[in-house]
Amino acid sequence: MAANEEEAVKYVWEGAIPLQIHLHKSEVASHPAPPPALVLAPRIGYLPLLVPLIKPYFKDSLPPGEDSIWFDYKGFPLKWYIPTGVLFDLICAEPERPWNLTIHFRGYPSNVLIPCEGEDSVKWNFVNSLKEAAYIINGNCKNVMNMSQSDQEDLWTSVMNGDLESYTRLLPKLKMGNIEDEFSRKANLSSPQSRQGGTETDVAGQVKTARIPVRLYVRSVNKDFENLEDVPEIDTWDEISYLNRPVEFLREEGKCFTLRDAIESLLPEYSGDRAQTSGEEEADGSQETRGEVKLVRIQGIEVRLEIPFSWVVNNLMNPEF
């Protein structure tokens, strides 16, 4: 693995967001109200995993009894199964540091959030995501299913602890590896692993296509804002479109398959090809309003759409692929 690749992956695993956690005023049973708790949240982690750190801090200020614990941002309930870094990148158009969140120990909004039973629910979600990714890449999820219980526990513990070394040691057992094209090879970005399945090969045995699992959260606004701080806050999850589908990674000689290519395959309504036909449609009197991709964030990075998609996949993916 090349040094620049190792550095990128290391940054992903070490990335963290400073949180300032407030106890909701309706649940304060002490006077004065407790000051907010300050927590450094791993980007690849999940909010429920922070509860063992936060709950003892507020325990003397809580009334008796409790419901399922949940978080909100300015009254907007946060989905616990989305990695904390993804939540931050999605909800804060202009990054806010520290990120001010409110914790609730009552009134779980079951009409908005699916139930969460703490770490067990988060772990189940993580393993299920791995199975989905394995099925897309390899056509089956037997490599995940066949992991021993101890290996699954060690894999999950490595994610909870941000232990990249342990995770990397267990990764070959999943047999999902990295993708490779001529651009990643020229940049010396290849990994000791390679995709084992979900690919087509030509007569020379070279990979031509690969299926890459992608999760894309899309927020659309009807106005072009010059400054991100002017973008209105999200009121409901209905404002967010969620895509969970594979990208067909295409290898064409002399052509780089870019992040733009991947996004346009998922969101054809934003494709450059469609934009180029707008003049013809206007002449036909069938002008259609089209959107434009203004900003893409991955791991807190506002990435250029011209970046090779293989580099993004190999270096910026979350542990559950």
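Just so you know, glycine gets a Cβ as well, placed from its N, Cα and C.
Where the annotation comes from TrEMBL, it is an automatic prediction and has not been curated.
Remember, predicted model here, so these are calculated numbers, not experimental data.
The domain 'Autophagy protein ATG5 UblA' annotation in TrEMBL covers 12-105. Residues annotated as domain 'Autophagy protein ATG5 alpha-helical bundle region' in TrEMBL: 119-175. Residues annotated as domain 'Autophagy protein ATG5 UblB' in TrEMBL: 211-320. Marked as region 'Disordered' by TrEMBL: 270-290.
Mean pLDDT across the domain 'Autophagy protein ATG5 alpha-helical bundle region' (119-175) comes to 93 in this model. Mapped onto DSSP helix, strand and coil, the domain 'Autophagy protein ATG5 alpha-helical bundle region' (119-175) counts 47 helix, 0 strand, 10 coil. For the domain 'Autophagy protein ATG5 UblA' (12-105), DSSP puts the residue distribution at 29 helix, 26 strand, 39 coil. Applying DSSP to the domain 'Autophagy protein ATG5 UblB' (211-320) sorts its residues as follows: 36 helix, 28 strand, 46 coil.
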